[in-house]
Amino acid sequence: MKRKQKRFLQMTLLFTVALIFLPNVGLWSLYKDKHLVKSAEPGEQQTFPLGLGDGQFYSWTDGLRRKDWHDYESIQKEAMRSGKGEHGKPYPLTEEDHDDSAYRENGFNIFVSNNIALERSLPDIRHANCKHKMYLERLPNTSIIIPFHNEGWTSLLRTIHSIINRTPGSLIAEIILVDDFSEREHLKDKLEEYMARFSKVRIVRTKKREGLIRTRLLGASMARGEVLTFLDSHCEVNVNWLPPLLNQIALNHKTIVCPMIDVIDHNHFGYEAQAGDAMRGAFDWEMYYKRIPIPPELQRADPSDPFESPVMAGGLFAVDRKWFWELGGYDPGLEIWGGEQYEISFKVWMCGGEMFDVPCSRVGHIYRKYVPYKVPSGTSLARNLKRVAETWMDEFAEYIYQRRPEYRHLSTGDISAQKELRKQLKCKDFKWFMAAVAWDVPKYYPPVEPPPAAWGEIRNVAANLCVDSKHGATGTELRLDICVKDGSERTWSHEQLFTFGWREDIRPGEPLHTRKFCFDAISHNSPVTLYDCHGMKGNQLWGYRKDRTLFHPVSNSCMDCNPAEKKIFMARCDPLSETQQWIFEHINMTVLEKFNHHANS
C-alpha cells in the first residue's frame, strides 16, 4: 500500500513540474525577445547579442521563421561619421546661403544639398521597439520606382545612395529611375555614366512630358519585382526601412503599406519627424490631405506596430505587383499629379484590401518651398479630384461640390472603364468606407459643416476700421484698414470676411469657403498672425464674449489694436477699452452661447 502511495506521489510531482515548466518553453522566445535584446544608453557603446543580425533565424508560434534584418556593421559605420549635415543635423547657413537663386531651379536649397555628403548619416528616430523587431526570413523582393523631372543632381544621387546603403541587397530586384522628359544636361549622359556603377539601377525615359502618375505607371509596367515600391526623387531612406514594409505584404498580399514620412527641411536639410509623428491619413471635403490622431480604439499595445490609415499621403508606398494591377493600377485618365493618392486609397479599401502606415519604416522627404517647374497647359487638379469623386465617392461627392461649386461643371472625361472596373472587383460603396474605415474623419472634418458662431467683417469699435488679412499666408500679421463696406478703394486687395467656426478658430473667408489659415497668437503682447490651421485648438482657440472682446485662453489675454498705427496685437483684457471691442457682422447666438458654455464648464 505504501509503495502505491509513494509511486502516486512521484507521479503527481512529475505532473506538477510539467505543468509549471512546459508552458514556459513556448514563452521563452517571447521572454528572450523582450528582455535579452537591449538598446544602448546614450553615449554607451552599442553591442549586439549573438544571433541577431548574423543571419540566425527564430521560429514564431505561427510556424514562420523570422530574422533580424538590421545591418549592424553599416549602422556602426554611420555612427562614426562627422561633418556638416551628418546625422541629419541642419547645415549651418550664412546670409548668402539664403539667396533665392539657391531655390529657383529645385524649390529647395541646392547649395546645401551640394555641400553635404551623398552618403550622409541620418538619426535613428524610430520607436525603441523597432530595434528589436524580427521580420519574416523569406520576404518578397521589390522593384523601387523613382520618377523624376528636372531633379537636382545631388538630391537625386543622395536618394539612390541611401537606398543602396540602407537596404538588404537581396530584397532589391531593381531600382527603376523614370525620367519624365527632363531638360537638364546633368540628367542625360552624365546620369547614365554615374548609375552604371550600380548593377541594379536602370533608367527609363519618356518621349514627352507625362506627369507623375503616368511615369509611375510606366515604371510599374516594366518592373520585375514581386513588390512595387514607389519613392520620390528627393528622399533619404532611414535604417532598416524596407523589411517592415515587405513583411506586411508577405503576411497579406492585398495590403498597401506606407512608411512614416519624415521632414527634410528645404532650407538647411535638417532631418526630423513630422509634427505629431504617427497619425492617420485623412482628408477634408475640399480634398485637402490631412493627418488626424490615431483614435484609442485603433491604438496598439505596441506603438511601433503598423496601424490602419484611410488614405495615404501619396508618393511613398509599397504594394504587391500583381495586386496593384488587379486593382487597375492608377486611373490613366488622371493628369500629371493630384488626386491619385485618394484614388488608390479608396480603391484598395473598397475592393477587398487594406492599408497600413508602418512606424518602423521611416523615409525622409524634402517638402519643396514651391514647385519649380511649370505644369503643362490644359491640366487641372480640380478635374482629377472630380474624376476620383465621380468614380469612387458616390453621393458623398456632393459634399465636395457644396464647398467647390466650380467643380460641378467640370468635365471628368470618360470614366466608364473605371466604373466597370469597380463593378468587376465587386467593390463596396463609399458609405461603407466612411463607416468602416474613415469613421473618425467626420469628427475633424464633418461632411455637413456645423453652423458658425459668427462671420463677416470684424469691425473695431474704437477705430471704426476692419480686420484685414490682405490674402496673406502663414506669418502674415493682421492689420486694421478702412472697411470695404464703407467704400474702401482697391477692394480686390482686401480680405475682410472671416468665419468664427465650429472648431472655435477664426479663418479668412465665408462659411464653407474658408481658407486654411487661422488667427494665431503666441503670448501676451504678441501680434496676431495667420498660421496654418491645425485644428488642435491651442494658440488658435478663441472666445467671443458678451463684452465684445475676443478672448485668447492660452495667453489669457484679449485682441487689442492701435488705431493710429493700424496694428493688431494681444494685451491684458480690459472690457472697458473700446480698442478691445470687436463687432462681427453676423452672429448666431445659439452657437455662440454653446461655445461660451463649453469654455466656462
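Quick reminder: no glycine exception, Cβ is built from N, Cα and C everywhere.
For the residues Asn141, Asn165, Swiss-Prot attaches the annotation N-linked glycosylation site to Asn141, which does not rule out the feature elsewhere. Between the candidates His127, His132, His149, His365, Swiss-Prot assigns the Mn(2+) site shared with Asp232, His234 to His365.
Of the listed residues Cys351, Cys360, Cys427, Cys466, Cys360 is the one Swiss-Prot pairs with Cys130, by disulfide bond. If you count neighbouring Cβ atoms within 10 Å for each of the binding-site residues Ser233, Arg368, the highest count belongs to Ser233. With a cut-off of 8 Å between CB atoms and residues at least 6 apart in sequence, the same chain places Pro147, Phe148, His149, Thr206, Arg209, Glu210, Gly211, Leu212, Thr215 near Asp180 (substrate binding site), listed in sequence order.
Once Cβ contacts within 10 Å are tallied over all protein chains shown, the binding-site residues Arg209, Trp337 are led by Trp337.
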